[in-house]
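A.B. asks: A single structure is presented below for examination.
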Amino acid sequence: MSALNPHDPASPLLLEVENLTMRFGGLTALDNLSLQVPAGKVTSIIGPNGAGKTTFFNCLTGFYKPTEGSVRMHHPQRGPMLLNQMPSYHVARKAGVVRTFQNIRLFPNMTVLENLMVAQHNALQHASRFSLAGLLGLKDYRQAREAALEKARTWLTRLNLLDRADTVTGNLSYGTQRRIEIARALCVDPLLLCLDEPAAGLNPRESAELNELLLYLSREHGKGILLIEHDMSVVMRVSDHICVLNFGHKIAEGSPQHIQQDPHVIKAYLGEEDKDTEEAAA
Amino acid sequence: MGLLITQPKGAAQRLKDGVGAALIALVLGVPMLGLATADVGGALAVITRWPLLAGFVGVVFVGRLFFQWLIDIFSLRKKRREQARPAVAKSRPWLTWIGFAALGLAVMLPIAFSGNRYVIDTATTVLIYVMLGWGLNVVVGLAGLLDLGYVAFYAVGAYSYGLLSTHFGWGFWQTLPVAGLLAASFGLLLGWPTLRLRGDYLAIVTLGFGEIIRLILLNWTEFSGGPNGVNSIPRPTFFGLPFKPDSDDGATFASFFHLEYSPDHRVTFLYYLILALALLTNLFVSRLRKLPVGLAWEAVREDELACKAMGINVTNIKLSAFAIGAMLGGFAGVFFAARQGFISPESFVFSESATILAIVVLGGMGSQLGVVIAALLLVVLPELGRDFSEYRMFLFGAAMILIMVWRPGGIIAKREPTLRLGAAA
């Protein structure tokens, strides 16, 4: 099925989803889904509305407990761990799987910089010795704080947000908020970054910048990227591997070129009979 | 009732609204004012008072027009302010200056009003509420957890001192940390099972907890003295020097400093004591707010789900807010018991919780200075209104409504960022 070689040293296997099933009462949102996500590559999940894409993310990141199946993260240092048995905050803290949300979830009354500092909470809280060293202003804590600020500054610079650092996030435009959410996720130091429709509401120039950012993160930083996206200009340009869902089933998987020609995918997106629109889908 | 409209109305709409109000007044006024019963030659007869009714309807119409006009002006001004608001959060140094000015005034107050026991007593009460407000601000203002039973922790602190001092002879300073820890553990005890609840449900459970504590204190007579409370609680001493008239058994505050004994000494000392405790609380809380834990409190208030996705253990963060808020309430309780010398469950009723919550909400959620202003208003307004006797609470309520119409987000609604890239560089 998968063209992936898990032992490829350039892109080692990061996430392994096996037979994942999620049922809500009588509704099967995900049906026996299996998927492999490597490091250093962009893996996209596409499909019509209601196909189960966001449900899949919720199962990965501990927000839902899957009915059946397993989600295994191969952490390079800490070894394999089962995400479907962890509380959601452990998924980010221990396994290094960090997500963004389809409907932006920033901390709207806090500044951009504060948002990025909250993302580094665990490291800072540890350095502040659960606030004791922080209350006294000890050197260890001050150094950790400086390092956290530096990391925030790095990502702010990379995402062109530096001049917005002290702005209250709720006042910023939609596209900027999307970038902040990605910057905030990056401040958690994820191994696997799960982006839920990051291009929604972006203008063409902003989408192009997003493409470039996704390629930079996967190629230069070796991060695994799992992408849910409707914007095909993003999906087809950056994806190394695409998985197509429809009604909770995986209907196709493969390279962008392969997916564009897959009859099941065309059928799912455009219906059956109309042969003329095949070109438009591609 | 269009009391809290945000959209300014035009003149025509205002007129329509006024006519509507006048019509309602007419309908209600006919039986209540237009018709009256009178004793006419020994028989009961109905008389009409149409001029009075007309006057009443006229007053309602004009009053409603005026009221709407005021609201319009307020909302227009607010709109203009919002438009003028810059995108980048500006620092507001004048707020800090107001804070320091208030501190200066607070320090000078007993000197300026020396001998005026009423003023100093009232100021002490204000400071107790300021301290309680700062404590609850951690829970409600920063962490966004609605706690309607905060007075329970105040009671735990007060009874800790009351019982430990009368039964075991503990001093004020000895009891202070123990009572704080005890209150904090009650906070954890309450928080552990309930913090997974959200919003309204948490509010109801905390309300119940507050009542449980009060009812236990009221009914467990062997332990707490029941409705009789705890009597003759020892007053705090000045580093071992008691405040009492000169006597043969040991030095007193007056004899040690070669002063004429005066009961004002203790009142003044208590005032400075609560001032110091409140300042420590303020220092502690504002420092915590800048630490990771404080930032996480605010993040949990803003978006719990996003916090989880960032790897934050939301339960622990909420528990820490609850425990620290409870601890500060406990400290205030110890002071309260030491100041009163007598405590009973009467002092820890729900209306106290409501007052403290009102202070936090009125002051502006999360604002330290706002709490001070609101505590001042809530304690001093009813005191000033004493001349109006039974209209006191009415005036008080009206003032609260006006403040909330004027500033829906509280007196100091704007949040000050905890750190800036510019300043950190």
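Note that Cβ sites are derived from N, Cα and C of the backbone, with glycine treated the same way.
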A.B. asks: Any idea which of B:21-47, B:291-317 is down as transmembrane segment in TrEMBL?
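C.D. replies: From TrEMBL, the annotated transmembrane segment range turns out to be B:21-47.
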A.B. asks: Please check if the transmembrane segment (B:358-381) comes into contact with the transmembrane segment (B:393-413), where contact means 3 or more CB pairs closer than 8 Å and the residues in each pair are separated by 6 or more positions.
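C.D. replies: Judged by the Cβ rule, the two regions touch, with the required three close pairs present.
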A.B. asks: Taking contact to mean 3 or more CB pairs closer than 8 A (sequence separation of 6 or more), are the transmembrane segment (B:94-114) and the transmembrane segment (B:319-338) in contact?
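C.D. replies: Taking Cβ pairs at least 6 residues apart, the transmembrane segment (B:319-338) and the transmembrane segment (B:94-114) are not in contact, as fewer than 3 fall under 8 Å.
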A.B. asks: When only pairs 6 or more apart in sequence are counted, do the transmembrane segment (B:176-195) and the transmembrane segment (B:393-413) reach 3 or more Cβ pairs under 8 Å?
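C.D. replies: Contact criterion not met.
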A.B. asks: Who are the chain neighbours of the transmembrane segment (B:202-220) in space, where the CB to CB distance is under 8 Å and they lie at least 6 residues beyond its ends?
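C.D. replies: Those are 145-152, 155-156, 159, 186, 190, 194-195, 226-227, 345, 348-350, 353, in sequence order.
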A.B. asks: Please give the sequence-distant neighbours of the transmembrane segment (B:319-338): residues at least 6 beyond its ends with Cβ less than 8 Å from one of its Cβ atoms.
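C.D. replies: Same-chain contacts beyond the flanks: 128, 131-132, 134-139, 142-143, 145, 147, 150-151, 153-162, 172, 175-176, 179-188, 190-192, 195, 230, 233-236, 270, 273-274, 277, 281, 284-285, 288, 293, 297, 300, 347.
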